Amino acid sequence: MILANAFCIVLFVDELLRCRAGPSSLPGQDPPGWRAPVDCVRANELCAAEPSCSSRYRTLRQCLAGRDRNTMLANKECQAALEVLQGSPLYDCRCKRAMKKELQCLQIYWSIHLGLTEGEEFYEASPYEPVTSRLSDIFRLASIFSGMDPTANSKSNHCLDAAKACNLNDNCKRLRSGYISTCSKEISAAEHCSRRKCHKALRQFFDRVPSEYTYRLLFCSCKDQACAERRRQTIVPSCSYEDKEKPNCLDLRSTCRTDHLCRSRLADFHSNCQASPQAQTGCPGDNYQACLGSYAGLIGFDVTPNYVDASTAGITVSPWCSCKGSGNLEEECEKFLRDFTENPCLRNAIQAFGNGTDVSPSVKNPLPPVTAPPKAEKSPALPDDINDSNTMYDTSVITTCTSVQEHGPKLNKSQEQSLCYSETQLTTDLMPDQKTLVDQTAGGGRQAPGWILPAAPLLLARLAL
């Protein structure tokens, strides 16, 4: 009898917890018209398994071959194929950066989307899945994995410290040594290096090494010229970046767009770093992490960007190109170039990382602890000559404690001293857009009936008798 009562209690508690857990994962609970995202490789497999989709996809690819958009849409068979595919996962599919079959995924994406726009757009939609992580996540991981002494002198060369941290990680050390060796290897007196091999080695480094290492090498903050020059030399610019002459920027963009990978990385950069005046930080979605990741994704391609000098007065990055000889397209060329050289989103993101903050870099000093988030207001663009001292990046290692001072949570004095925060605080403070709290008014959720909690003690007492 006692065992039976105990079993009933366990079932009751389990049901109570599941009711309080939030939305059910049972099928059929998704909002009308919602479709689970799928990468383009998987979407292609699903389409190939369905005769109607498979035949329409082949038809559309034939329609897009060598035709402009208007000619394609004038053909009824092409229109019918497009309508069928718009209702399939293939039309809305996206890719993940550095995924196993990234090139194949991007080829499938562009095979549909290239011919569906009016001519060549200045900004193209990114074929990659949206970035949901934040800089705060990078700071937390850097503090856990770097292994550097958190009590080091704050006046140290942070770019040198970043190299030391990389050397403590076998994968980072191996791939960094690999690209430095490849990009520094002289081929002949006439050929300084193999840029193709150099770019490939750089892509492998930035795609395979975690951001907590690569970001520190690329975006370390500097207060002297020696540090800034070391930062500029990170990608071995004499091989990967510079050339005898600067090509026209629009020609460089056109060359990039002939390659699916380069085209995708450029579109992703524009999507995540395009200046957004409505945003407090100047970045789409106020997401610095998305912009910095897209910038790093350009390295190793024709449009590889880099710091233009070793100045500590301001941050200016640019691809190796100019607008000389643009003719009547000079305005378009200048607009393309300004997305690098005068981009408040990109500049603010780099400065925020260097300062160890994930808030608007216009706030130079950490805010006092607050109980409620400040009201979002548009902040002015940051001046080029802002002091890039590390007010919150105290050492060669970025710590969770210092990177989120502005949120004001108290330190967790548990054994997990390296984390400084409890897992709950990390979830809610560092990733505010990914809180696990569920809207109790949502239609798909399961809610505990109002009588369950008050009745729980009585029911448990009755079962125990």
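Along the chain as shown, residues are numbered 1 onward.
Cβ coordinates are placed from backbone N, Cα and C, and glycine is handled just like the others.
Predicted automatically and left uncurated, TrEMBL annotations should be read as such.
Sequence annotations record features per position, and here TrEMBL assigns signal peptide to 1-21.
If you look up TrEMBL, you'll see 40-117 (among others) marked as domain 'GDNF/GAS1'. Secondary structure of the domain 'GDNF/GAS1' (40-117) per DSSP (helix as H, G, I; strand as E, B; remaining residues coil): 58 helix, 2 strand, 18 coil.
The domain 'GDNF/GAS1' feature in TrEMBL is assigned to 159-239 (among others).
Among the features that TrEMBL reports, domain 'GDNF/GAS1' is placed at 249-345 (among others). Regional average pLDDT for the domain 'GDNF/GAS1' (249-345) in the model is 93.
Per TrEMBL, the feature region 'Disordered' maps to 357-389.
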The domain 'GDNF/GAS1' (249-345) - residue tally per DSSP class, helix then strand then coil: 52 helix, 7 strand, 38 coil
